[in-house]
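S.K.: Below you'll find the structure I mean.
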Amino acid sequence: MRVLGGRCGALLACLLLVLPVSEANFLSKQQASQVLVRKRRANSLLEETKQGNLERECIEELCNKEEAREVFENDPETDYFYPKYLVCLRSFQTGLFTAARQSTNAYPDLRSCVNAIPDQCSPLPCNEDGYMSCKDGKASFTCTCKPGWQGEKCEFDINECKDPSNINGGCSQICDNTPGSYHCSCKNGFVMLSNKKDCKDVDECSLKPSICGTAVCKNIPGDFECECPEGYRYNLKSKSCEDIDECSENMCAQLCVNYPGGYTCYCDGKKGFKLAQDQKSCEVVSVCLPLNLDTKYELLYLAEQFAGVVLYLKFRLPEISRFSAEFDFRTYDSEGVILYAESIDHSAWLLIALRGGKIEVQLKNEHTSKITTGGDVINNGLWNMVSVEELEHSISIKIAKEAVMDINKPGPLFKPENGLLETKVYFAGFPRKVESELIKPINPRLDGCIRSWNLMKQGASGIKEIIQEKQNKHCLVTVEKGSYYPGSGIAQFHIDYNNVSSAEGWHVNVTLNIRPSTGTGVMLALVSGNNTVPFAVSLVDSTSEKSQDILLSVENTVIYRIQALSLCSDQQSHLEFRVNRNNLELSTPLKIETISHEDLQRQLAVLDKAMKAKVATYLGGLPDVPFSATPVNAFYNGCMEVNINGVQLDLDEAISKHNDIRAHSCPSVWKKTKNS
């Protein structure tokens, strides 16, 4: 036997240091000596020249690290083997380290434990999920990976879904990576084809025809939609289309009217607003043709009131006084009362009026009653000086200081009482209902102006002060012939449109001569008793700059639009249209046209039904009807003359008229001067 050298002694010392003292089992001296010696084999010298054998060197005998190297002939394997070899020795040497041995249950004996040490694949270093095989090497190992795995130990899964050479793993929609593999899947609403990669859309509308209820089912990629007409919203619970109340969403700037499937915005035209181009917001109706609205308080406007007296004066003078009146007068009106004078007890009166454009005088007292009309026509829009003077035996009427009439009278016009002559004078109207007392009835309304008045030879003292305080009594400085609608009121007429001699039953033939000052407003409207507007002619600003459109409407539907007319000019525009239950014809400066289409016939049927009942005719705007009754509700602003069924309408003959509407005088167009 040979005794192991210092290496083995050092080894045992190391072993003793590794284990705690409490776990060591000490041997007797004899047993310890047996561990440190081994028997030499025969031919030991010859064996030392051969490559070591693991079985011979380290199992049948104990080996130190140098002897272990003779087995492996390289340091890496030796360094790997020897520490594990010592562990096997501690576990399986008879009587040694029983505590350590008890903890080792992988190998049944020393031979198995030692033989397993050089195998780098035991214990398995490869990832069990990812490896296919493990190949032992010199102090190394090689793991062969399954498809879908990579890494030295096959520990990393390959993400096939992110392979640049096979985009999205070849999946048409969803690529799901899994450990060592992947699979394709489809989004909701798609099914996988047999190739397990491509997806096909599911047509839910065909599979379930009633899936949308009363709505329309529209298949879309991966899903379906239940469609409703514009203005409706789909209700999932009832599976039906419900109207959207857009008005509850504050869609309109002023007034909103909701109806099934839509809504319409309206602006208060009577307050000077119109609907903007966006059909939602409101904007001020702008002036397109400025007019000269300058007035003077020295000019008394006789048509301030549609019904009633403009100015009332009372005189108490000495009994020697006689009636006299001097004034300048201007009008385009042909008929109306200039002034009416009477005694305190109403028994005697004098009327100075205009009839047929000429001065007319009617008088009545205890002695006589007379009527005289004469002189030149003075409703020419020029200022004419008029004087009426009671003389001793007659009444003298002069125009421009030239006598035109002398009316004989047997006595004084007004009888003095108690030494005083008391007389009441009324301008442009009667104080009460005196029509029955007149010698010849007359329409008292007169659109005209007077200035430089001198009544009862008392001058104008006290009268100017009264007029100066009231703007609506002031007359325009310059006027032209025509009717003026200021954009703040309407005039109403009762017109019978029935024509028993015509097969059509009724007809509305209208001629308009207009010179608008603003580009939006209702010019003419027929209104039924139920506050509907079966027919209207309106003006609106066009989308084209500096032009206007004419709208013909039945109720709130536009049946025809005449586009892009230049109406806001200093020249009047002439428009004609004729409508009956079957036809609509119109004439403008640009064309004459007969309108015919299927929808028009339906609308004319609506108009025909209304015309068989009672309708009222309005000029310049609408009465109090709902905003939704017509496309336009703003008042017309400008000059306009109207002829209906061959009759020229006189605003003095209207059933009612706003006081601001001027029946026979239209403001002139504003002309800029160099200094303005």
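Using the three backbone atoms N, Cα and C, a Cβ is placed for every residue, glycine included.
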S.K.: I'm validating the feature mapping. Which of 88-116, 262-290, 320-348, 523-551 is tagged region 'Thrombin-sensitive' in Swiss-Prot?
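M.R.: In Swiss-Prot, residues 88-116 carry the label region 'Thrombin-sensitive'.
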S.K.: Based on what Swiss-Prot says, identify which of Glu60, Glu366, Glu585 is the 4-carboxyglutamate one.
M.R.: Glu60
S.K.: Can you tell which of Glu67, Glu390, Glu641 Swiss-Prot marks as 4-carboxyglutamate?
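M.R.: Candidates were Glu67, Glu390, Glu641; Swiss-Prot attaches 4-carboxyglutamate to Glu67.
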S.K.: Among all protein chains shown, how many Cβ atoms are found within 10 Å of the Cβ of Cys449 (disulfide bond), not counting that one?
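M.R.: Result for Cys449 (disulfide bond): 25 neighbouring Cβ atoms inside 10 Å.
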S.K.: Is the domain 'EGF-like 1' (117-155) packed against any residues at least 6 beyond its ends, judged by a Cβ distance under 8 Å, and which are they?
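M.R.: Distal contacts: 54, 72, 74, 76-77, 79-81, 84-85, 88, 179-182.
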S.K.: Which of the recorded positions Cys58, Glu77, Cys252 has its Cα closest in space to the Cα of Cys449 (disulfide bond)?
M.R.: Cys252
S.K.: Looking only at the domain 'EGF-like 1' (117-155), what are its DSSP counts of helix, strand and coil residues?
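M.R.: Its residues divide into 0 helix, 15 strand, 24 coil.
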S.K.: Neighbour count, 10 Å Cβ-Cβ cut-off, for Glu77 (4-carboxyglutamate): what number do you get?
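M.R.: Its Cβ has 20 other Cβ atoms within 10 Å.
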S.K.: Is it possible to get the count of other C-beta atoms within 10 angstroms of the C-beta of Cys161 (disulfide bond)?
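M.R.: Its Cβ has 19 other Cβ atoms within 10 Å.
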S.K.: Specify the count of other C-beta atoms within 10 Å of the C-beta of Cys265 (disulfide bond).
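M.R.: Other Cβ atoms found within 10 Å: 21.
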